[in-house]
Each structure stands twice: as C-alpha cells, then as structure tokens.
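Peer 1: Here it is: the structure, laid out below.
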Amino acid sequence: MTVRLLLASASPRRRELLSQIGVAFEVKPSAFEERMDPALPPEQLVVQNALGKALNVQKRAPAELILGADTVVVFNRRIYGKPTGPADAGRMLGELQGQWHTVYTGIALVEERRWRVAERATRVKLRAMTPAQIAAYVAGGEPLDKAGSYAIQGLGAALVEQIDGCYSNVVGLSLPLLVDLLAEFDRRVF
C-alpha cells in the first residue's frame with residue numbers, strides 16, 4: 001500500500017526526504033506562525049510548532065493524513081531558527097563553528113480526530129572556520145532558509161565535522177521516526 005499524505009510545509013528538503021522513502025504527498029504549506037518561545041524546552045517547542053502547522057492545514061483538508069514538522073538548532077541553551085538575513089546567518093555560524101550543538105526536529109501526524117507527535121535530537125559538530133570562509137558560505141545563499149544557517153545535505157556538508165544521531169533529522173525530518181509514526185496510523189512504508 002502506498003502511503004499518501006499532505007505535507008504542511010513548503011520545505012524542498014522535506015519533499016526530497018518523503019520522495020526518498022516512496023511516500024506520495026501533496027504540498028499544502030501551513031499558514032501557522034512558528035513560535036520561538038525561549039521559555040519552552042526545545043523538544044516541546046518543535047512538537048508544538050509541528051502540531052500547529054498540521055492542525056492549520058487540517059482546517060482546509062479535515063479527512064486527510066497531514067504531516068507537520070519543525071526544526072531548530074540549540075547551542076548553549078539558545079534556540080537558533082532560520083536566520084533573518086545574511087548578517088544573522090554569519091553570526092549564527094560564527095557561534096556554532098568548532099562547536100557541538102543539537103538539532104531538534106518535531107513531527108506531527110494528524111488525521112481527523114487523531115494525532116501523534118514525537119521529536120528527535122541529533123548532535124552535530126561544525127568544523128572551525130575563518131570569518132572569510134563563513135562569509136563565502138553565506139554569500140552563496142544556501143544558509144538563508146535553514147535552521148542554524150547551514151544545510152547538511154548541500155555545500156554545508158563540508159562544514160560538518162561529526163554527527164551523533166539521525167542524519168535525516170538534521171536535514172529536517174527524521175525518516176526512522178516518521179516510519180514509526182506512520183505505522184501507528186496503519187500506514188507502512190515497508
């Protein structure tokens with residue numbers, strides 16, 4: 001049986017990951033405003049945002065299986081979402097370079113009155129970089145729409161020195177976690 005769902009995200013990375021495991025989907029970007037409340041633990045923040053996105057789309061498609069997801073980076077108890085612009089991306093990378101940090105991704109699946117949420121954390125260490133290297137990476141534009149200002153699946157892979165945990169989680173959607181959640185809705189990838 002082919003798994004089919006609505007993706008409450010415009011993220012090209014999440015689309016690529018779903019395609020990679022053979023999930024059929026339709027993109028229905030959510031109008032939900034992501035919250036970046038520093039008082040919330042990151043595990044709670046990402047699942048709340050993921051659920052908010054899925055529930056927002058459910059208003060337009062109440063009988064569908066809907067996937068919402070949210071990713072943040074945490075370093076020294078500070079939450080890093082997407083940068084506000086090139087200067088912010090450079091600042092984030094300057095703080096993260098040479099350091100271990102944690103990437104949290106929350107997943108929400110919603111179908112009619114049922115919903116399930118879960119999160120996954122992955123530790124990542126970026127290599128040490130010179131200010132010129134950071135500026136060149138930012139100038140290429142890749143980090144401008146990524147939590148933490150780097151794309152592990154793109155040129156940013158050259159910035160990653162080590163990873164401890166789920167690679168696809170850092171990209172923006174833990175595939176092993178998603179497969180487990182889909183099974184709870186009687187949808188099997190394999």
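Placed from the backbone N, Cα and C atoms, the Cβ positions cover glycine too.
Bear in mind that the values here come from a model prediction, so they are computed numbers and not experimental data.
What Swiss-Prot records for R13, T71, Q153 is site 'Important for substrate specificity', and it gives sequence analysis as the kind of evidence. Taken from Swiss-Prot, the feature active site, proton acceptor applies to D70, supported by sequence analysis.
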Peer 1: With an 8 Å cut-off on Cβ-Cβ distance and a minimum sequence separation of at least 6, pull the same-chain contacts of R13 (site 'Important for substrate specificity'), or say none.
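Peer 2: For R13 (site 'Important for substrate specificity'), the qualifying residues are A151, Q153, V171, G172, L173.
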Peer 1: Far apart in sequence but close in space: which same-chain residues, 6 or more away, have a Cβ under 8 Å from the residue listed as 'active site, proton acceptor'?
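Peer 2: Spatial neighbours, sequence-distant, of the residue listed as 'active site, proton acceptor': E34, L45, V46, V47, N49, A50, K53, T105, G106.
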Peer 1: Considering the recorded sites T71, Q153, which residue's Cβ sits among the greatest number of other Cβ atoms within 10 Å?
Peer 2: T71
Peer 1: Would you mind pulling the DSSP three-state label for R13 (site 'Important for substrate specificity')?
Peer 2: helix
